[in-house]
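Asker: Okay, handing you the structure first.
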């Protein structure tokens, strides 16, 4: 039974009437463009075929009722006429509450909803299960009540809910790609303007995500330190963001910067350039050049931004040794663990899976998780 069938069946069973709509919103993986989003730079993610699915129907009152199928059918209920506050024990429900609260501030022309939620985006793997949930909930209200909100506004609403209501800092990329993703394409997103350009993916290429399953510990504090270092760099150049600094301008005065800040700045500037070039390489179907850019990106994250760990570097080395120049591999996500992403010809997937299975656990003592994904459509009815 797929997620649509599961949520529709559960909806009818619990609410004793049929759902009118089923909405999905996907998770995502970032192919290249790491730690560039909060520097007003470029990212190149694609939506993946793991998603949050919600079967739903409008109510004729002001109550929102939610069933979380993945949490033992926990029930959540709140009124649109009372102040929406955080739930003490059900963390999942705060994503729903936050999205609805921020939607009210944008456009209050909606009533109550019954919904059943289920998803298969792996949690804690850096594949944006939370953004997928936020965008799915926003799309439910937009579709049921014909709200005049586009995908970018639904994405911004989700980001606000996560930052201000749930209390977790994030850029806009995760929600934007979940809302705007296009089947068989990646999106080159300009994080300053939120402009997005669809980039076609070469035929016969698989998006492979391998979770190192190394438990991330430093990610919060180190993330904030990296942001501060980037802001220090932008101030040195008297620019609003590192997006506005050229590599030439940086190279001319790099020796005057604090050495650590200089390394952080160099990563962001070079990563922005790589990301724009990667979009053009993908569009041309030049997997070899894409692989070189992904290798440079990983080296920059390892040596200049210093956010990889030995387990991640080991995974990258195993994959690279298997595929040679027929594709690329790099760490993806915030760093200090998490996943690597590889773009490889579909016929090489079994060899990569086997090499990783034979070598990674032997070298690190940790068993990986292996996902083969397809670039998928963004949020909407399913």
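Using N, Cα and C of the backbone, Cβ positions are placed for all residues, glycine too.
Quick paste from Swiss-Prot:
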ACT_SITE  174  active site, proton acceptor
BINDING   34, 35, 36, 37, 223  substrate binding site
BINDING   124, 125, 126, 127, 128, 129, 130  ATP binding site
BINDING   130, 162  Mg(2+) binding site
SITE      28  site 'Transition state stabilizer'
Asker: Ten-angstrom check, please: count other Cβ atoms within 10 Å of the Cβ of residue 34 (substrate binding site), all chains counted.
Answerer: 25
Asker: Could you check the binding-site residues 125, 127 and say which one's CB has the fewest neighbouring CB atoms inside 10 Å?
Answerer: 125
Asker: Where residue 36 (substrate binding site) and residue 125 (ATP binding site) are concerned, what is their Cα separation in Å, rounded?
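Answerer: Between the Cα atoms of residue 36 (substrate binding site) and residue 125 (ATP binding site), the distance comes to 20 Å.
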Asker: Which are the residues of the chain, 124, 125, 126, 127, 128, 129, 130 excluded, whose CB is within 8 A of where the CB atoms of the ATP site average out, their centroid?
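Answerer: Apart from the listed residues, the neighbours are 27, 121, 122, 123.
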Asker: Would you count the other CB atoms within 10 A of the CB of residue 162 (Mg(2+) binding site), including those on all shown protein chains?
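Answerer: Other Cβ atoms within 10 Å of residue 162 (Mg(2+) binding site): 24.
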Asker: Give the distance between the Cα atoms of residue 129 (ATP binding site) and residue 223 (substrate binding site), rounded to the nearest whole Å.
Answerer: 19
Asker: With every protein chain in view, what's the tally of Cβ atoms within 10 Å of the Cβ of residue 28 (site 'Transition state stabilizer'), excluding that atom itself?
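Answerer: Residue 28 (site 'Transition state stabilizer'): 32 neighbouring Cβ atoms within 10 Å.
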Asker: Quick check for you: of the recorded positions 162, 174, 223, which have their Cα within 10 Å of the Cα of residue 130 (ATP binding site)?
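Answerer: Within 10 Å of residue 130 (ATP binding site): 162, 174.
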Asker: I'd like to confirm something. Which of the recorded positions, 28, 35, 162, 174, has a Cα closest to the Cα of residue 125 (ATP binding site)?
Answerer: 28
